[in-house]
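Colleague: Handing you a structure now.
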Amino acid sequence: MALAHNLGFPRIGRDRELKKAQEAYWKGELDEAGLCAVGRGLRAAHWQAQKAAGIELLPVGDFAWYDQVLTHSLTFGVIPERFRAKDGAKPTLQTLFAMARGVSDSCCGGAHAQEMTKWFDTNYHYLVPEFTADQQFALSWEQLFEEVEEAKALGHAVKPVVIGPLTYLWLGKTKGADFDKLELLDRLLPLYDQILNRLAVQGVEWVQIDEPILALDLPQDWKNAYERVYNILQRAPLKKLIATYFGGLEDNLGLAANLPVDGLHIDLVRAPDQYPTILDRLPAYKVLSLGVVNGRNVWRCDLEKALEVLRHAHERLGDRLWVAPSCSLLHSPVDLAREDKLDDELKSWLAFAVQKCQEVALLAKAINQPEAADVVTVLAQSRAVQHRRATSPRIHKPAVQARVAAIKPADSQRATAFEQRIAKQRAGLDLPAFPTTTIGSFPQTSAIRLARQSFKQGKLTEADYVEAMHSEIRHAVEIQENLGLDVLVHGEAERNDMVEYFAEQLDGYVFTRFGWVQSYGSRCVKPAVIFGDLSRPKAMTVEWIKYAQGLTRKAMKGMLTGPVTMLMWSFPREDVTREVQARQLALAIRDEVVDLEAAGIKIVQIDEAAFREGLPLRRSAWPHYLEWATEAFRLCASDVRDETQIHTHMCYSEFNDVIESIAAMDADVITIETSRSDMELLEAFERFDYPNEIGPGVYDIHSPRVPTKEEMVKLLRKAAQRIPAERLWVNPDCGLKTRAWPETEAALVNMVAAARELRATA
C-alpha cells in the first residue's frame with residue numbers, strides 16, 4: 001500500500017491568524033497565554049485539515065513562532081551572548097522574538113537582530129544561526145516534544161520534522177573567528193541523539209530529517225560527514241526519513257541513497273530526471289518518498305502524469321512507496337476554498353495546501369485502489385482541466401509573443417558607457433557628496449490601508465481615493481524635505497505590495513484574496529499568479545510620480561519593480577520557461593520607464609530585490625540564468641537618455657559570487673542590504689572594481705530599533721575603504737513600509753546626520 005504523507009504545512013492560518021496574534025503580542029495587546037492559545041488552535045486545525053484531506057502521517061514540528069531555523073537554534077541553545085539571560089535561565093518566547101527582531105536601546109542597552117536571509121531559492125527568510133569557535137550546545141527548548149504530545153492527544157499519527165545536523169550547520173555563520181563549522185559536529189550530534197531518543201520514548205515511529213543541502217554542490221568534507229553522522233544517529237530506536245527538496249541529488253545521489261536510514265524523499269517536480277537512477281540505486285529495504293505534487297506553486301497537479309511515475313514506482317517498490325508534495329507546503333497558500341471571487345475556469349486550474357494534500361492522498365489511493373469510484377471521477381476531472389488549460393485562448397497572446405520574438409541585442413544596451421552617462425547625470429542632478437535617499441516605501445498606516453480597501457470595495461469614490469493618496473504623498477514629501485534628504489520618493493501609499501500593485505495593471509496576471517504565504521515572522525505576502533502572456537495596457541505609476549515631483553524641486557525617483565523580481569515573487573506559469581516570462585515582463589516595464597522619462601522624471605529605480613533568489617542551487621546552471629536575468633533588466637532600463645539615472649535595489653542579496661553579473665546589469669546606482677551582515681557584502685569590492693555608484697544599506701529596517709548616527713558613520717567609513725567616496729550613496733537597507741513613522745523619522749534623522757558628518761570630514 002502506497003502511503004500519503006506531507007512534509008510540512010503553512011503555519012500562518014487560513015486568515016493569517018498567526019500574524020495577527022504575533023503583532024498583537026508585540027504591541028502588548030495580547031499576553032503570552034493568548035498567543036500560545038492561538039498557536040495551539042492553529043496546529044489543531046492544520047492537523048485536522050491534513051487528516052481530513054487523506055494524509056496518513058502528519059508532520060509535527062513544522063509550526064514556528066517566527067522561523068523554523070530559529071526554533072532549532074533555541075532548541076540547541078545557539079543563542080548569541082547579547083540575547084542570553086544574565087542568570088543563565090532557559091530561553092523564553094521573548095528571547096526568540098528578540099533574536100528575530102532585535103531589542104531597542106531602551107531595553108537592556110539594545111541588541112541588533114540576527115541576520116536574515118533567503119531559504120534556499122524561495123521567498124521565505126530564515127534567521128541565520130551564529131556559531132562561535134567555543135560554541136556549546138544544550139537542549140534548551142521543548143516545543144517539538146510538546147507539540148508531539150499535542151498531536152498524539154488529538155489522535156493523530158505523527159511524523160516529527162527536524163532540520164538535519166549538516167543542513168543546520170551549513171545554514172549558520174561563524175562569528176568572532178573564522179573556523180570550519182564541521183568542527184562543531186561532534187558537539188552537536190549528542191543533541192540530535194537526545195532528541196531522537198526522546199521522540200522514540202514518546203512513541204514516535206518515523207521522524208523526518210530535512211537535509212535539503214543534499215541538492216547543493218557540497219565540498220567533499222561535507223559529503224564525507226554524512227555517512228558518519230547517520231551511522232551515529234542510526235542507533236536511535238525509530239525510523240528516519242531523509243527529506244531532500246528544491247532540486248536534484250545529482251552527484252550526491254549515491255551518497256543519499258546509501259545513508260544508513262530507513263527512507264529517502266526526493267523532489268520529482270524540480271528534478272524529475274533523477275527518478276530512474278534513484279530507483280536503481282536505492283537499497284531494497286528503504287522507503288522511497290516521491291514528491292510529485294508541486295509544493296511551491298499554485299497549479300493543480302496533472303494527476304495522470306504523476307500517476308505514470310507512481311505506477312511504475314509501485315511495481316518496483318510495493319509498500320515502500322510513499323507519496324508526497326515536492327517540499328513543505330509552507331510555500332503554498334492555505335486553502336483554495338476561501339477564494340470566492342475567482343472565476344470558475346481560473347479556479348479550476350489552481351490548488352493550495354489543503355488541495356495539494358487532497359491530491360497527494362488521491363494519488364496514493366489511485367495506486368492502492370485504482371478502480372475506486374472517487375478515483376475514477378477525480379482523474380476524469382483532472383484530464384478535463386488539463387485540456388482546458390492547455391488550449392485556453394486566455395493564455396496565449398500572439399502580439400506579445402511577436403514582440404518578444406523581435407527583441408534584438410541592441411534593445412538591452414544603454415546608448416553610451418557609464419562614465420559618459422554619470423557626468424551628464426551629476427551635472428543635471430547637482431547632488432552633494434554622499435547623497436541621501438530612501439529605498440521607496442514609507443510606513444503604511446491604518447488610514448492608508450483603509451482608504452485602499454474602501455476604494456476597492458466601492459465605498460470610496462475615485463476622486464476621494466486620489467485625494468487621500470495625494471495627502472499621503474504630500475506628507476511624505478514634506479517629511480523628507482524637513483529631514484534634508486537629497487533624493488526623494490513619493491512613499492508608495494497607493495501600493496499594497498511591490499509586485500501586486502504592478503501585476504494588477506498587467507494583462508496575464510490573476511489575483512487571489514487569500515493566497516497568503518509567509519515571507520518572514522509576521523510578514524506575509526500574497527503572490528500574484530501569472531497565468532498567461534504578459535503586457536501593459538496603460539501607464540501604471542506616471543500620474544502619482546508626476547504629482548509628487550510637482551511638490552518639490554529635488555529629484556523624485558520613479559519607483560518600479562523589475563522583471564526578475566516580478567517573476568520570482570509571483571507564482572509563475574509552468575507551461576513556458578521563466579526566461580520567456582521575464583522578457584514579457586521586461587517589455588512591459590520598459591514602456592513604463594519611457595513614459596516616466598517623458599513625464600520629466602530624472603531618476604527611475606527598478607527594484608530587483610529577488611535577483612539572487614533566482615539563481616539555481618547548482619552552480620553549473622548559474623550562467624544561463626544570469627545571462628537572461630541581466631538581459632531582462634537591461635531590456636527594461638536601456639531605452640532612456642544618458643541624463644536619466646537608473647537605480648536598482650537588492651535586498652538580502654549575498655552577491656559576492658555574482659558581482660560581475662550585477663555589474664553587467666549596468667544600473668547607474670545600486671542600493672543593497674548590508675547592515676545586518678556588517679558590510680560583509682562589500683568584500684566583493686576587494687577583488688572586483690565595481691564601476692558604477694552604490695548605496696550600501698546603513699541600517700536594518702526589519703528591526704524596530706533606531707540606529708545611532710555613530711553606528712551608521714562607522715558602517716559608511718567601512719564602506720568607503722572599499723568604494724570611492726564619490727560613488728557612495730547613503731540609504732537604509734530596504735523600504736520602510738513595515739515600520740512606524742516615529743522610528744522611521746528618528747532613524748532617518750540619524751542617517752542624514754551621518755552623511756553630513758562624512759561630508760564634513762571627507
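Glycine residues also receive a Cβ, built from the backbone N, Cα and C atoms like all the rest.
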Colleague: Select one of Glu492, Glu494, Glu660: the residue that Swiss-Prot places in the L-homocysteine site alongside Ile439, Gly440, Ser441, Asp607.
Modeller: Glu492
Colleague: Please state which member of Glu631, Glu673, Glu743, Glu745 Swiss-Prot lists alongside His649, Cys651, Cys734 for binding Zn(2+).
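Modeller: Same Zn(2+) site in Swiss-Prot: Glu673.
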Colleague: Among Trp47, Trp170, Trp206, Trp569, indicate the single residue that Swiss-Prot lists for the 5-methyltetrahydropteroyltri-L-glutamate site containing Arg16, Glu17, Leu18, Lys19, Lys118, Arg523, Cys524, Glu613.
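Modeller: Looking through Trp47, Trp170, Trp206, Trp569, the residue Swiss-Prot assigns to the 5-methyltetrahydropteroyltri-L-glutamate site is Trp569.
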Colleague: Fill in the CA-CA distance, Glu673 (Zn(2+) binding site) to Ile439 (L-homocysteine binding site), as an integer in Å.
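Modeller: That separation, Cα to Cα, works out to 10 Å.
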Colleague: Using Cα-Cα distances with a 10 Å cut-off, which of the recorded positions Leu18, Ser441, Glu492, Cys524, His702 are near Cys651 (Zn(2+) binding site)?
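Modeller: Cα filter at 10 Å returns nothing.
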Colleague: Write down the Cα-Cα distance for Asp607 (L-homocysteine binding site) and Glu613 (5-methyltetrahydropteroyltri-L-glutamate binding site), rounded and given in Å.
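Modeller: Between the alpha carbons of Glu613 (5-methyltetrahydropteroyltri-L-glutamate binding site) and Asp607 (L-homocysteine binding site) there are 13 Å.
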Colleague: Could you tell me which of these recorded positions, Arg16, Lys118, His649, His702, has the greatest number of Cβ atoms within 10 Å of its own Cβ?
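Modeller: Ranked by Cβ atoms within 10 Å, first place goes to His649.
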Colleague: For the recorded L-methionine site, enumerate neighbouring residues of the same chain (Cβ within 8 Å of the Cβ centroid of Ile439, Gly440, Ser441, Glu492, Asp607, site residues themselves excluded), in sequence order.
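Modeller: Other same-chain residues near the L-methionine site: Thr438, Val489, Met498, Met559, Gln605, His649, Cys734, Gly735, Lys737.
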Colleague: Of the binding-site residues Gly440, Ser441, Asp607, which sits closest to Lys118 (5-methyltetrahydropteroyltri-L-glutamate binding site) by Cα distance?
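Modeller: Nearest candidate: Asp607.
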Colleague: Please work out the number of neighbouring Cβ atoms within 10 Å of the Cβ of Gly440 (L-homocysteine binding site), leaving out its own Cβ.
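Modeller: If we count other Cβ atoms within 10 Å of Gly440 (L-homocysteine binding site), we arrive at 25.
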Colleague: Under 8 Å Cβ-Cβ from Asp607 (L-homocysteine binding site), six or more apart in the same chain: what's there?
Modeller: Ile439, Gly440, Met498, Met559, Leu560, Thr561, Gly562, Thr565, Thr648, His649, Met650
Colleague: Listed L-methionine-binding residues Ile439, Gly440, Ser441, Glu492, Asp607 - what's their greatest C-alpha to C-alpha distance in Å?
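Modeller: Greatest Cα separation within the listed binding residues comes to 13 Å.
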